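This report concerns only the one structure given below.
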Amino acid sequence: MQVTTITMDDVQYPYRLGTDCLDGIVTRLGELGASRYLIVSDPRVAELYGQGLRERLAEQAGPAELITHASGEQNKGLPALHDLAEEALRRGADRQSIVVALGGGVTGNIAGLLAALLFRGIRLVHVPTTVVAMLDSVLSLKQAVNAGVGKNLVGTFYQPVEVLADTAMLRTLPVREVRSGMCEVVKNSLAIRPSMIDQLSAGLRPDGRYPDDTMHWIIYESLAAKAQVTAYDKYERGEGLILEYGHTVGHAVEHSSQGAVPHGAAVALGMIAAAQVSHRAGWASAELVDLHRELVAKTGVARRIPSDIPLSAVRHRLSFDNKRGYLPASADTYPMVLLESPGKVLRSEGTVLTAAPRDLVDAVVDELAEPPRPAAARTDDAATVLGGAG
């Protein structure tokens, strides 16, 4: 496994990446040593990889427990966290245990918060199994669960001791999740690392099928993009807020969809909305909007908000965005990361945020919505969200 050191201010941890490297993952976990390994996963990943990992750890490293949580963003809340904590304690968790977060962004968040809270902090190792997790969420110290009014509103910052990633695990990932993950790569290219746009544009595949070498390049470019803005901002309150590009409208759409729109696909919609806001406000050209639409289309995800998501719910959740408080409070604006051009972020009040007029953002959200269709013409949620360029 190749090793890259993730550095954020005084925080450092290794990111080990390989392909078909489960042996290496088991060996490394054994080297870390634990009184008990607490593998946290959702049912699908538990069936694919969790049981095998538990058995091999038990044989080669020490006692191991597999603890599952209900899948889906809609289940990433305080009740699920409470249930996991109770189960971990019943299974023998102590201060020398390691929480192994085996899964995607939802698992990583809830397991990360679990590790931060058990005994006021025990060791955390991420074993990401999705594109979003491998190239985005495990590169952050943010660990959070959702509240009823919005996404990722209850949490803390907590450092993993390692990330152990095997791209072979992406082969069993549903296509919709691969497409969704690529939207975070598009975000990195547009907001932080425009030098990768041309190669990324040529390599994006709407069918969601990527060879291992392409996936490795994408992951390493994402590591570099994150490093540009978090190397001196571990809490992502300064330059690191650029990583929130597309997340204002994106989180509102994702949360309002009750899990039907995956995270990356929602962020893609949020980026298109942000580009339109910049253009309509006179801060960016129409070409920036076109570039957003072109790159999003090449990922294979939709470019419109599905018609069955109530726009009133989206607008309501915009008011509870997790960036509130960085700019002076106003009932007439939303704090947003906006671009002037690729890689050039608009700045105000000493931050990378702009107070975007609420009326303009609401209008853009309305225009981004898919036109209502007769019920008989509707497909299932997954096809609607990810079936085409919109």
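In case you wondered, yes, glycine gets a Cβ from its N, Cα and C as well.
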In Swiss-Prot, of the candidate ranges 51-70, 291-310, 371-390, the one given as region 'Disordered' runs 371-390
Listed co-binder of Co(2+) (same site as E184, H247, source Swiss-Prot) among H216, H263 = H263
Pick the one among the recorded positions K142, K151, H247, H263 whose Cβ has the fewest other Cβ atoms within 10 Å in this structure.
-> K142
Out of N75, N109, S140, give me whichever of these binding-site residues has the highest number of other Cβ atoms within 10 Å.
-> N109
Integer Å distance between the CA atoms belonging to K151 (NAD(+) binding site) and E244 (active site) | 13
With H263 (Co(2+) binding site) as the reference Cα, tell me which of the binding-site residues N75, N109, S140, K151 is the closest one.
-> K151
Which ones in the same chain are close to E184 (Co(2+) binding site), with CB under 8 Å and 6+ residues apart in sequence?
-> V131, V132, L135, D136, S222, H263, G264, V267
Chain-mates of E184, H247, H263 with C-beta within 8 Å of site centroid, Co(2+) = V132, D136, C183, K187, G246, G250, G264, A266, V267, G270
